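One structure below.
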Amino acid sequence: MASAFSPATAAPAASPALFSASTSRPLSLTAAAAAVSARIPSRRGFRRGRFTVCNVAAPSATQQEAKAAGAKESLRPVYPFAAIVGQDEMKLCLLLNVIDPKIGGVMIMGDRGTGKSTTVRSLVDLLPDIRVVVGDPFNSDPDDPEVMGPEVRERVLEGEKLPVVTAKITMVDLPLGATEDRVCGTIDIEKALTDGVKAFEPGLLAKANRGILYVDEVNLLDDHLVDVLLDSAASGWNTVEREGISISHPARFILIGSGNPEEGELRPQLLDRFGMHAQVGTVRDAELRVKIVEERARFDRDPKAFRESYLEEQDKLQQQISSARSNLGAVQIDHDLRVKISKVCAELNVDGLRGDIVTNRAAKALAALKGRDTVTVEDIATVIPNCLRHRLRKDPLESIDSGLLVVEKFYEVFT
């Protein structure tokens, strides 16, 4: 989805000199990371002040432990995406979101033990490379001001040449026990008021910028945290506000959630914010079940050899994704097909226009994945159940699955 903020509103323009909140004394630019304007509470109300934005100087023992744990986790072998047997609906939804992040993420619901988490985490190997500014906690894009952190934006305005490196798109796991401060980031209020320095420690949303944020068991996450995640995913920005001091930074990420419907459903308002919805069921075919068990046993026995056996398929799929991302802008969808998509949404009483927008985007992403520059009726038929089923109003007396209702209405309108 398009960002609701422009670079001008996201971070105020830089000034030649930075000043302390309490005095007019300039702050040292060597200690400053970025200039940000803030409203400071005083006896006479609020006044404006200029602050420096920086990371907390010395990481705590907890942060160092977390970093070490993250390094160990990255060394763990990941099950190859190409080796996942079945679950084509879930895999397609994930691939389409990687090709076009503006689809708005995917919610995966299904039985326990069906490979939801394994499939999502296996996506890591297929993610394309991106250019990022070296040492920036927000994974800033050196060429796009809208996805630059405040420090990088300030350096660009000063004409500094930024060191750039190519890195893989990151996937960040959000644990169920995460606090709001850990997710959004924290501001050291005492340091801000006494030293005039806005010491900001970025959270998981900053780390996930230009990447993927995965929430396992999202239906068990606190509602207010889900609201924060969905708002950031929709707007592309995260704002942290404490005691009248606020910081905004880019937070553009693909939100992927998974859960078991037996443990509780998400509120309809929250479900609607996910671009696509995939249903995962237990494989019933005996031959497929045996194949899954055997493949898993091979992976557990020798992960390295197992991954190497799928290297060619993985490379082919990665090239296909990279090509689709490059050609996505050239894909066209006929006006008549757009009208029919909107007619399906209207006749299904889908609230709002998110269903129309996401269906158009997903159909174009699928056409790009197949190497075409024109959307066909078959493309729309493939993606429309995943784009609309979670947006239908639930009728307790209705015995037909919502996905089947979408399919029935699709063929009624398109034939």
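Cβ from N, Cα, C; glycine included.
Using a 10 Å radius centred on the Cβ of C184 (disulfide bond) and all shown protein chains, the other Cβ atoms total 24. Annotation comment: Swiss-Prot describes C93-C184 (among others) as disulfide bond, evidence class similarity to another entry.
Annotation comment: Swiss-Prot describes C345-C387 (among others) as disulfide bond. DSSP gives C345 (disulfide bond) a helix state. In sequence order, L353, G355, D356, T359, L388 are the residues near C345 (disulfide bond), counting only same-chain partners six or more apart with C-beta under 8 A.
Residues or ranges marked as transit peptide in Swiss-Prot (evidence: sequence analysis): 1-67.
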Among the disulfide-bonded residues listed here (C93, C387), identify the one with the smallest other-Cβ count within 10 Å.
C93
Please report the DSSP secondary structure of C184 (disulfide bond), reduced to three states.
helix
State the Cα to Cα distance, in Å, between C184 (disulfide bond) and C387 (disulfide bond), rounded to an integer.
28
